[in-house]
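A.B. asks: So that we are looking at the same thing, I have put the structure below in structure tokens.
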Amino acid sequence: MRKGRAAAILAGLAVAVAACGNAPTTTEPTASGSASASGGGAKPLQGVKLEVAAKWTGAEQKNFEQVLKAFTEKTGAEVTYASTGEDTGAYLGPRIQGKNPPDVAILPQPGLVQQYVEQNALKPLTPEVVKEVDTNYTPYWKELGSVDGKVYGVLVKAAHKSLVWYRSQAFEDAGVQPPTNWDELVKAAQTVADSGTPPFSFCGASGWTLTDLFENVYLSTAGPENYDKLSKHEIPWTDPTVGAALEKIAQIAGKADYLVDGTSGTMQTDFPTCVTKVYGTDKAAMVIEADFVAVEAVNAGAKVGEEAKYFPFPKAGDTTPVVLGGDVAVAMKDSPGAMALVQFLASKEGGEVWAKLPGYLSPNKNVSPDNYPDELTKQLGQTIVSAGDAVRYDMSDLAPSAFGATDGKGEWKVLQDFLRNPSDVKGTQEALEAEAKKAWK
Amino acid sequence: MTERLNGRQDPPAASSAGGTSTGPAETPRTRKRLGPSPAVAIAFLLPAALLLGIWVVYPIVYSFVRSLFGAQNFSEFVGLGNYISIFTDPGTLTTIRNNLIWVIVAPIIVTTLGLIFAVLTERIKWATAFKLIVFMPMAVSLMAAGVIFRLVYEQSPDKGLANAVLTTVADTFSSSQGYPAARPREGDQSPVAAQDGGVVTKQPVQAGQPVLIPIVGVKPEVMPSNAQTAKTPAGEGLSGVVWFDFTQGGGGRNGAVDGAEKGLPGMTVEAVQNGQVAATATTAEDGSFRFEGLAPGSYTVRLPKSNFEASYGGLQWLGPTLITPAIIGAFVWVWAGFAMVLLAAGLAAIPRDALEAARIDGATEWQVFRRITVPLLSPVLLVVFVTMIINTLKVFDLVFIIAPASVQPQANVVALEMWRVSFGGGNNQGLGSALAIFLLVLVLPFMIMNIRRFRRGES
């Protein structure tokens, strides 16, 4: 066994040496070649075989394979797709241990980038790719994919989490218009409640929906800089900005008339069920969640754009909040092919191929929203472009998972307790800080 | 105790040796010749010992060593730090408290129910059918049972069986015809305000001036179908209108009876003077009311609380307070059949003559049960009881599935916490191992008790 491992290490070294040996001579022509030769017909990566792993299945996988096809047509490299299933870490872990990683992997959380860099499993992106990232992404996204100043990953697919979905009939009955700021939202909620429909359907049993709500309000009231600090726990959760955001949330969560099925019912409602309460049983008017609510709304029998409409998360402070979730592409082998593929995915060209397919939203600022196939996605894309440097990544996904991604623990639990008792802003802040201290130590 | 354990380890070997030889087996020479040679014994023991070592001993030792380290793999020695945090973290203390409740309550209920079923099935005709039905839940996996009970405990009586039963029973005794969640229009301009769950006029009112009582937040499903467009009554006496002050599609003026706004029929209205109810009226289909034969003077008009009471909605089974009893209910449903079958088998083995002798001597049925059946059954009762204690200590799946995520902290038990901190997001396998060892220590005494019982049974 020891012999086998030594052999594997030797093989790994050989590959690394080969890659290093090649790097100065081949990578550069490749990069410049792929930029210039696209029209020419000479395919710089003819005969190269690549493997890319991502969690997508079904329609998402098919769409991604079309993007890969476009890459093959351009460069000649053959790309095979491997689906990791829901738990990307569980799939990649053994392959990294076995020294047989895919060339490129697409990670569902930026937190994994840091983790894999610590395991020496990722290769820093070459200067050409970094240049591509610089042209197409704001510095925030670049930093998100970087560890210790080196760029390892690039966000290639986004989920838009700053939306409020509403049932148009409920708004018509109450005679209200989609609000544009927080005070209008509170006022609209009051009017809808007066009309006999509880305005909000919160998904109290799914803690992540509450973190999304908090992140939107916090980004809006405290601004992007504080948001970054809080994401890294550089300011404590007892900071007054957190209290201000929680008080805003209490304005809509603190009134029993505003919540469908009251507080206890809300706490037992998980994510897709809260959408059903708006679009299936027509009991509530609004649900605050991401673009993927559309899927559940359609399942509940509502037509997106007619019955199921949305408005951008209203400004609660000075910033229009745009919070994204999304997937990060990383290179696990330092080969010209892997780098070229990451570069292609980060490029305007690759993004536009993808954008023309349904179910995709690009964080790339140079991918014009006009490319999206439907009106809804176009508007979503527009909000990302117009928010510019203020766009932020989902804070709870940047936190250690014990704090930001565990049922019954950390931020999820404390925000659920807060929803039960929205008057206790101070106690909530202290509980959040205590949990954060445990997770960040 | 160890003495006894050791003492009992020898006899089987000796008795087996004695069993095969008819002659006295006292001299060491004969014993050596008749027993297997050490090499053979080891050869036969080795596979079992090896498997036990790999699958039981090694994991236990490894878990214990791991529990002395922090979240990072063996890089951070924390000593007993993980054990200290088990007993200082309020979340983990809740899990210990819950486990305590489980261990005290669940085995007693399961064993008692099993005993009752077992004794009763002895006396009924369709005993086999009855036993089959009670035993049926054992055929369902605990996870499936959890899913079933998640639905049973659902808050809405339309979905949850438990609340459907409760509300049906409650509705046969009282029926509500009110307007739950409706409330007076708020604000300084509003002529009415909420008080003690009801609605009162802010200013005293007099005859001649119609009383306006604007109500908002009437849910479409409670709006009576016979409601007519609201009308302000005119004429003599103290009169007024209770109506839904909301124009469909917006645009109505607050506090004024606009075009299509509907009256709220069936509301009880009281005229109050000096804290005394002077007269009572009920609103008509257009929401209007009039107090007949009321002495002139100024009154406060009140809609009592009963108008706004929601019908009984059942219990919050999945809320933070009832969650553990609710899950224990599911556990009992699954295991009562198991207890019953074991106890029924034990009952069948009780000598009938002892029971008959007692009856002939004039003992009542209760005395027979109490003095004869239970003592004779006690070995089986104890086995069932101890098995249930071990089962409750390691309960995991039912809690995981039945408790909604928002009440998981209140329903949590040690086994579930162990999984959660190590794999379910916590990624702290040091603390997880410490919890595992803690659980082992809890289970161990009952295990030893069970083993001792089996030994005694063998000898």
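Glycine is treated like the rest: Cβ placed from N, Cα and C.
Unlike curated entries, TrEMBL annotations are predicted automatically.
OK, TrEMBL features for this one:
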DOMAIN    B:96-450  domain 'ABC transmembrane type-1'
REGION    B:1-33  region 'Disordered'
TRANSMEM  B:39-61  transmembrane segment
TRANSMEM  B:100-120  transmembrane segment
TRANSMEM  B:132-153  transmembrane segment
TRANSMEM  B:330-351  transmembrane segment
TRANSMEM  B:372-390  transmembrane segment
TRANSMEM  B:431-451  transmembrane segment
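Show me how these features fit into the shown structure, please.
C.D. replies: Long-range neighbours of the transmembrane segment (B:132-153) within the same chain, counting only residues 6 or more positions beyond its ends whose Cβ lies under 8 Å from a Cβ of the stretch, are 117, 159-163, 317-318, 326-327, 329-330, 333-338, 340-341, 397-398, 400-402.
Panel annotation: around the transmembrane segment (B:330-351), residues 102, 106, 109-111, 113-115, 117-119, 121-122, 131, 134-138, 140, 142, 145-146, 148-149, 152, 372-373, 376-377, 379-381, 383-384, 388, 391-392, 395, 398, 402 of the same chain, lying at least six beyond its termini, place a Cβ under 8 Å from a Cβ of the stretch.
For the transmembrane segment (B:372-390), the residues of the chain that approach it from at least six positions outside its boundaries are 103, 106-108, 110-111, 114-115, 119, 335, 338-339, 342-343, 345-347, 350-351, 354-355, 358, 363, 443, 446-447, 449-450, 453, 457, judged by C-beta separation under 8 angstroms.
Tertiary neighbourhood of the transmembrane segment (B:431-451): same-chain residues 60, 63-64, 66-67, 71, 82-83, 85-86, 92, 99, 383, 386-387, 389-390, 393-394, 414-415, 417-419, 421-423, selected by CB-CB distance under 8 Å and a gap of 6+ residues from either end.
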